[in-house]
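K.L.:
Attaching a single structure in structure tokens format; questions to follow.
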Amino acid sequence: MVGFKATDVPPTATVKFLGAGTAACIADLITFPLDTAKVRLQIQGERQGPVRAAASAQYRGVLCTILTMVRTEGPRSLYSGLVAGLQRQMSFASVRIGLYDSVKQFYTKGSEHAGIGSRLLAGSTTGALAVAVAQPTDVVKVRFQAQARAGSGRRYQSTVDAYKTIAREEGFRGLWKGTSPNVARNAIVNCAELVTYDLIKDALLKANLMTDDLPCHFTSAFGAGFCTTVIASPVDVVKTRYMNSALGQYSSAGHCALTMLQKEGPRAFYKGFMPSFLRLGSWNVVMFVTYEQLKRALMAACTSREAPF
């Protein structure tokens, strides 16, 4: 057995809720530069046609993007928006991941056997609910990641300033800008991520290929990250463009997607795919492995407190 040993008592809803938020914050701290690189690649060329965008592209890959940002803006630019990102994960991951098992049990009416339908429903439900709670933090995070460009003024001076400025200039609706594509994205992401992780892990355990420990969690998380990136990238690009857009640039998320298709072609929907995969793959591995270990550690601590001798 690698890592903490599973306890006889299943983790409580509170343990899952706190464990998911904490694990997601740890994963964000490690993978945030990849997420920032992804955002820069996704918004690149949105005001130009495909030919001009390709010719004038400032960023040409994950490593190039990161190195260019460090050279022109300093290393701290890779973590621009981190505070909002951590706020987002504590409110967002706690709901969409921490409540997944509870909602899944609700749809199966307490049955131990969960079919693909109940898993998909649970993933969609917690993904959409998490967006309703955490959307303002996501808007601020994306704005910060996109703003720090050489030669242009900073739109926001701090996280608090960003919340205040967006609310003042765009109204409170500005803080929930992009909610529709984000609901769609996170329903898709949650289904792909959590359901794929669930299915891969169950298959590995049932086939006796692995035991329920770190290697199993690592393999399941990596597979879930790849599947999620392939499925969710188009919606993710539209979400990023729309949330970062100036007031009146796009009338809706659908208009944003149509404009991208007309000006940049279908490949625009997979802009930033490699950093998305590197980020989601590594994020999933760190998050799920940490989450599984945190659940066991917290339950072991609770058990030892209740029975110290």
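Heads up, the Cβ atoms here are built off N, Cα and C, so glycines get one too.
So Swiss-Prot lists the following for this protein:
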TOPO_DOM  1-16  topological domain 'Mitochondrial intermembrane'
REPEAT    11-106  repeat 'Solcar 1'
REGION    16-63  region 'Important for interaction with long-chain fatty acids'
TRANSMEM  17-40  transmembrane segment
TOPO_DOM  41-77  topological domain 'Mitochondrial matrix'
TRANSMEM  78-103  transmembrane segment
TOPO_DOM  104-119  topological domain 'Mitochondrial intermembrane'
REPEAT    114-203  repeat 'Solcar 2'
TRANSMEM  120-145  transmembrane segment
SITE      Lys141  site 'Important for inhibition by GDP'
TOPO_DOM  146-173  topological domain 'Mitochondrial matrix'
TRANSMEM  174-199  transmembrane segment
SITE      Arg185  site 'Important for inhibition by GDP'
TOPO_DOM  200-217  topological domain 'Mitochondrial intermembrane'
REPEAT    212-297  repeat 'Solcar 3'
TRANSMEM  218-242  transmembrane segment
TOPO_DOM  243-268  topological domain 'Mitochondrial matrix'
TRANSMEM  269-294  transmembrane segment
REGION    278-285  region 'Important for interaction with long-chain fatty acids'
TOPO_DOM  295-309  topological domain 'Mitochondrial intermembrane'
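Please situate the listed features within the shown structure.
P.N.:
Distant neighbours of the transmembrane segment (17-40): 11, 59, 62, 65-66, 69, 77-82, 85-86, 89-99, 142, 145-146, 240, 244, 272, 275-276, 278-279, 282-284, 286-288, 290-291, 294-295, 298; these residues of the same chain sit at least 6 beyond its ends, with a Cβ under 8 Å from one of its Cβ atoms.
Nonlocal intrachain contacts for the topological domain 'Mitochondrial intermembrane' (104-119), taken as residues 6+ away from its ends with a CB within less than 8 angstroms of a stretch CB, comprise 191, 194-195, 198-199.
The list of residues near the transmembrane segment (120-145) in space but at least 6 beyond its ends in sequence, with Cβ under 8 angstroms from a Cβ of it, reads 35-36, 39-40, 80-81, 84-85, 87-88, 91-93, 95-97, 99-101, 103-104, 106-107, 155-156, 159, 162-163, 166, 174-179, 182-183, 186-195, 240, 243-244.
Under the DSSP three-state reduction, Lys141 (site 'Important for inhibition by GDP') is assigned to helix. Other C-beta atoms found within 10 angstroms of the C-beta of Lys141 (site 'Important for inhibition by GDP') number 29, with every protein chain shown included.
If one looks beyond the transmembrane segment (174-199) by at least 6 residues along the same chain, the residues whose Cβ comes under 8 Å of a Cβ in the stretch are 96-97, 100, 114, 116, 119-120, 122-124, 126-128, 130-132, 135-136, 138-140, 163, 166-167, 220-221, 223-225, 227-228, 231-232, 235-236, 238-239, 242-243, 247, 252-253, 256, 284, 288.
Secondary structure at Arg185 (site 'Important for inhibition by GDP'), as computed by DSSP, is helix.
The average pLDDT computed for the repeat 'Solcar 3' (212-297) is 88.
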K.L.:
Near the Cβ of Arg185 (site 'Important for inhibition by GDP'), how many other Cβ atoms are there if near means within 10 Å?
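P.N.:
Neighbour count, Cβ to Cβ under the 10 Å cut-off: 24.
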